[in-house]
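As recorded in TrEMBL, the features of this protein are as follows:
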DOMAIN    8-176  domain 'FeoB-type G'
TRANSMEM  219-242  transmembrane segment
TRANSMEM  248-267  transmembrane segment
TRANSMEM  279-302  transmembrane segment
TRANSMEM  322-346  transmembrane segment
TRANSMEM  358-384  transmembrane segment
TRANSMEM  396-418  transmembrane segment
TRANSMEM  460-477  transmembrane segment
TRANSMEM  558-581  transmembrane segment
TRANSMEM  588-613  transmembrane segment
Amino acid sequence: MSQVPVTPLRVALVGNPNCGKTALFNLLTGARQKVANYAGVTVERKEGRFATPSGRKVQLLDLPGAYSLDSTSPDERVTHDVLLGRYPGEAAPDLIVCVADATNLRLHLRFVLEVQRMGRPMVLALNMMDAARRRGIEVNVGELARRLGMPVVETVAVRRGGAQALIELIERTTAEKPQTPAGAAAASDDLHATVRTILASAVTMPRATDARDDAIDRFALHPVLGPLILAFVMFLVFQAVYSLGKPLTDAIGDGFTWLGAAAGAALPDGPLRSLVTDALFGGVGTVLGFLPEILVLFFFILVLEESGYLPRAAFLLDRMMVAVGLTGRSFIPLLSSFACAIPGVMGTRSISDPRDRLATILVAPLMTCSARLPVYALLIGAFIPHRTVFGVFNMQGLVLFALYAAGIVGAMAVGWVMKKLRRDHREHALLMELPSYRLPRVRDVAIGLWERGAIFLKRLTGIILALTVLMWFISTFPSPPAGATLPAIDYSIAGYLGRALQWPFAPLGFNWQMSLSLIPAFAARETAVAALATVYSVAGGDADTAALGHTLAQNFSLASALSLMVWFAFAPQCMSTLAVIRRETRSWRAVVVSFGYMFVVAYAASFVTYQIARHFV
């Protein structure tokens, strides 16, 4: 009986971005993993452990996704150095598992060949084989292994047991010497030509798929029609947010009104009753009511992503982004920022040029993240009439589209200014994968919606709940003195603090309640809704979303509401984003510049909006 080695087998998992590498890592390691950063950089280091059938322990390293080993981006540089054993504190791997998307081998095999030239034991994991078969792609695994000179195994990272063959192969391969590639793969320096030769002998592609993609792309990627189609698609998405999400939001608001009334009737009059009805149902419940609109927005974004359209949007916008001082590689981080600026800022690690990366980091917070949506939905619902324009379009959806467009235009303007301030105006070519068009899988979209909803609920039960309770406390205490003639809230901590903050924001049309709501919103933008709901609920208003909108319409002018919406479009109202900017850039100067320019832009834009609106609207 052979003895199992005590030393863990060190295996590196590499591949192009979006090849399913991380899903395979999670399948292999389960919960037995830890996440940190590589020393000296902000690139994430993921390490996990599992055991082979013989009991051999395996230390698995999930290296950052890379398109090439020659790149100078932080992510790809780390991958290159770790594979060669040149990274400080990191031993070279005993085995490399290169993951390739079986539905797009034309792109992924080039990287496989590049990694193979390092001369280390290597296995190719053909991931997403189930999706490849559904599209009519046939892969001769034996011929592919012979041509490449390495073991090839099929995997399905999203299915339990989908990596069992890989686990068995890992143990066998480490004891073997690297094989010699057959044919063109052995001698050619032209990797693209080598890939074409290998594909011709080992892979059969359905011609119908290529013809269909080309037919669609003639319109979707047309230099004139393409941008118009993209603008129209996004316009329809924002129309749907109100058309589909608003009825559900109103229903949730009515439900919380009933629950708040029932809870209030069951509790004696006093602070506890006020906490439950005003803070929990009036504040947190109001924010929760906007979950349907957030999910509707992300449903369409996920559908566009799963269909293969979003990478084409990056291609369409590349020329425009280069003109304003950004790069085509900025598109994906900026797109991620529509969910949250934090992953958007972190996603800039794939940008090789440090100045392009910094420019993208500084404009990413201007993208309209999901945390802004509750604020927009509340104010639009309260002040913009629910009627159609030209007999088709929803006016509220038009305003929401305009706010999203304002963030994009603002980001382009800031990028253009930074471009003018730069001495080096070199442009960098965009290399991006354009996947085949496909029908989105219901399961994948459902999982994406579940994850987005879970993130929102986690924030709701965490920081938003804590800040709402704090807002209730400072709005309730201290109690008014005997013989007080003003509303009780005017004598509270919130009343004094709000009036102290009002004077710098008075030129923007903000009353003291609006000024006060900006403080908790600095930690989480959604908390502005909870803060306004709590303050007005403590002052004697109702708790539900519709009633809050009616209360705001009585206390705000339309000019003030428009000014507040514009403020949230540009203001640096996110402490977590600033913390991530500090971590990614390792510079307090970048944090100060980001906060400073966004504050100035927000103040100036809100001031102009209010002054124009109060005279002409």
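Each residue's number is its place along the chain shown, starting with 1.
Every residue, even glycine, has its Cβ placed from backbone N, Cα and C.
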Between the transmembrane segment (358-384) and the stretches 248-267, 279-302, 396-418, 460-477, 588-613, work out which stretch tops the count of Cβ pairs under 8 Å.
396-418
For the transmembrane segment (219-242) and the transmembrane segment (396-418), check the count of CB pairs under 8 Å (sequence separation 6 or more) and say whether it reaches 3 or more.
yes
Take every residue in the domain 'FeoB-type G' (8-176), average their pLDDT values, and give the whole-number result.
81
Could you pull out which residues elsewhere in the chain have a CB under 8 Å from any CB of the transmembrane segment (588-613), counting only those six or more residues past its ends?
358, 361-362, 365-366, 410, 414, 507-509, 558-560, 562-564, 566-567, 569-572, 578, 581-582
Remote residues contacting the transmembrane segment (322-346) - C-beta distance under 8 A, at least 6 residues beyond either end:
42, 298, 301, 310, 313-315, 352-353, 356, 359-361, 363-365, 367-371, 411-413, 415-420, 422, 427-428, 430, 432, 452, 455, 574, 576-577, 580-581, 584
